[in-house]
Amino acid sequence: MASLSLAPVNIFKAGADEERAETARLSSFIGAIAIGDLVKSTLGPKGMDKILLSSGRDASLMVTNDGATILKNIGVDNPAAKVLVDMSRVQDDEVGDGTTSVTVLAAELLREAESLIAKKIHPQTIIAGWREATKAAREALLSSAVDHGSDEVKFWQDLMNIAGTTLSSKLLTHHKDHFTKLAVEAVLRLKGSGNLEAIHVIKKLGGSLADSYLDEGFLLDKKIGVNQPKRIENAKILIANTGMDTDKIKIFGSRVRVDSTAKVAEIEHAEKEKMKEKVERILKHGINCFINRQLIYNYPEQLFGAAGVMAIEHADFAGVERLALVTGGEIASTFDHPELVKLGSCKLIEEVMIGEDKLIHFSGVALGEACTIVLRGATQQILDEAERSLHDALCVLAQTVKDPRTVYGGGCSEMLMAHAVTMLASRTPGKEAVAMESFAKALRMLPTIIADNAGYDSADLVAQLRAAHSEGRITAGLDMKEGSIGDMAVLGITESFQVKRQVLLSAAEAAEVILRVDNIIKAAPRKRVPDHHPC
């Protein structure tokens, strides 16, 4: 019987696109490697910055070297690149730092996988080798971790070193000591709770970064109303989200026709009485400070002033939420049952000047660990980048307070893990050993890139570092000030164990997900149907 020759059958809708086998894999590798190459120049203490310009009517300018910020603000179309962008975002949310490292490591793993597949090694063999390598690297990292949680002095020094290491690759590196102290003091005030919501960051143009300071209280970037007390002691605070602008008819957009101006005056009087009644209900709570998320119009403001109550309007939602947290109050919208409303409290509310701006200062708040970091700087871009840098440091410190284990930075941990994986590969038979060796090579690329970004001879430095670890000097790492190999324990270049562990596991998982892909199917775009029913 003659064999049937079938033409290829397209099972997808018109407009759908499919990439298969090698084409799909190559497309994934190229996209992921391109993302890694984009951010790798920002890695390390001598990393470079990127300028991000957004288009459109409200075009904004951003100068940053934060991996997560760069990847979040660029639009990517490649599916593998999107996987790495999402991974860096998760790294930022989980531990706050290591966003560039995790992206670069995943990209380097895929670069190695590309050359292994070219040598006809099956993706599943590579994955099996990588899984064993990840396990060995994690165990090596765990065995090198140091825990000073029980020693207060050493733990404080660890926190200072970790904050310093995190900030050394940021814009704040020139004021590292100042901001390290600020960040550590702010996190230690949390008393182990790790609730970063209690740390409020305010940015004010003017002065220099060195003028930034930590304020032991809460600052709200608003002004106190006219003819109202500017200072209140032992404050009882009602925090609300309610309309205080009932000076116009707002009943389902209704219209009112009147036959004389006297009728208009009657309507206005009724509106005023309605507002007066609402203010009286608020005052029944026994408060001396009223903070509203929405506007407070002139008439209710006068009523509050006459009652000797400080009224603060238009406190943005994030400000109100945080204020409720630190003063121990709850946000209210109705005022019929004063006994059910939880009021906030603080010892003193007063108006203060920062630069040319007036702010409201709350001191002696119910949440004792609450504080505000006031950032000063010459331009808005500097302030924004300083805030991002400080956020990374605060997140890492909060993570370290929960899990006090630390490891050494400067490429030391990566080289330690690479050495453990290489030793495992030498004991493993078959093709999996080649995959393990490629994993070790990808880990060694991180110190290589750090040295390259600093303008040093990376091949020579990494060879020296590899030799040092082979000789058993497990605290050896890159000293980027001197351009040589140094002892990280002496130099105080310390990183959080959780950050390093998350970088290793996230990068390995993301690279494995992309390596498993052998088909990319793009759905057909939705057809636009002409609208035959215009408004």
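Each Cβ is built from the backbone N, Cα and C atoms, and glycine gets one as well.
Pulled from Swiss-Prot, these are the features on record:
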| type | residues | note |
| --- | --- | --- |
| MOD_RES | Ser3 | phosphoserine |
| MOD_RES | Lys13 | N6-acetyllysine |
| BINDING | Gly44, Gly98, Thr99, Thr100, Glu495, Lys500 | ATP binding site |
| BINDING | Gly44, Gly98, Thr99, Thr100, Ser101, Ser168, Ser169, Gly410, Glu495, Lys500 | ADP binding site |
| MOD_RES | Ser60 | phosphoserine |
| BINDING | Asp97 | Mg(2+) binding site |
| MOD_RES | Lys154 | N6-acetyllysine |
| MOD_RES | Lys181 | N6-acetyllysine |
| CROSSLNK | Lys248 | SUMO2 cross-link |
| MOD_RES | Ser260 | phosphoserine |
| MOD_RES | Thr261 | phosphothreonine |
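Where Swiss-Prot records a feature, it is marked here on the structure.
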residue: Ser60; record: phosphoserine; DSSP (3 states): coil
residue: Asp97; record: Mg(2+) binding site; DSSP (3 states): coil
residue: Ser169; record: ADP binding site; DSSP (3 states): coil
residue: Lys181; record: N6-acetyllysine; DSSP (3 states): helix
residue: Ser260; record: phosphoserine; DSSP (3 states): coil
residue: Glu495; record: ATP binding site; DSSP (3 states): strand
Find the shortest Cα-Cα separation between Lys154 (N6-acetyllysine) and the binding-site residues Thr99, Thr100, Glu495, Lys500, and name the residue that gives it.
Glu495
For Gly44 (ATP binding site), which of the recorded positions Ser60, Ser169, Ser260 has the nearest Cα in space?
Ser169
Where the distance is taken from Cα to Cα, which of the recorded positions Ser60, Ser169, Lys181, Ser260 turns out closest to Thr99 (ATP binding site)?
Ser169
In the structure shown, which of the binding-site residues Thr99, Thr100, Ser101, Ser169 has the fewest Cβ neighbours within 10 Å?
Ser169
Which of the modified residues Ser60, Lys181, Ser260 has its Cα nearest to the Cα of Gly98 (ATP binding site)?
Lys181
Most Cβ neighbours inside 10 Å, all chains, among the recorded positions Lys154, Lys181, Lys500:
Lys500
Glu495 (ATP binding site): tally of other CB atoms within 10 A of its CB:
25
Spatially, and counting Cα to Cα, which of the recorded positions is closest to Ser101 (ADP binding site)? Options: Ser60, Lys181, Ser260, Glu495.
Glu495
Given Glu495 (ATP binding site) and Ser169 (ADP binding site), what distance in Å do their CA atoms have, once rounded to a whole number?
13
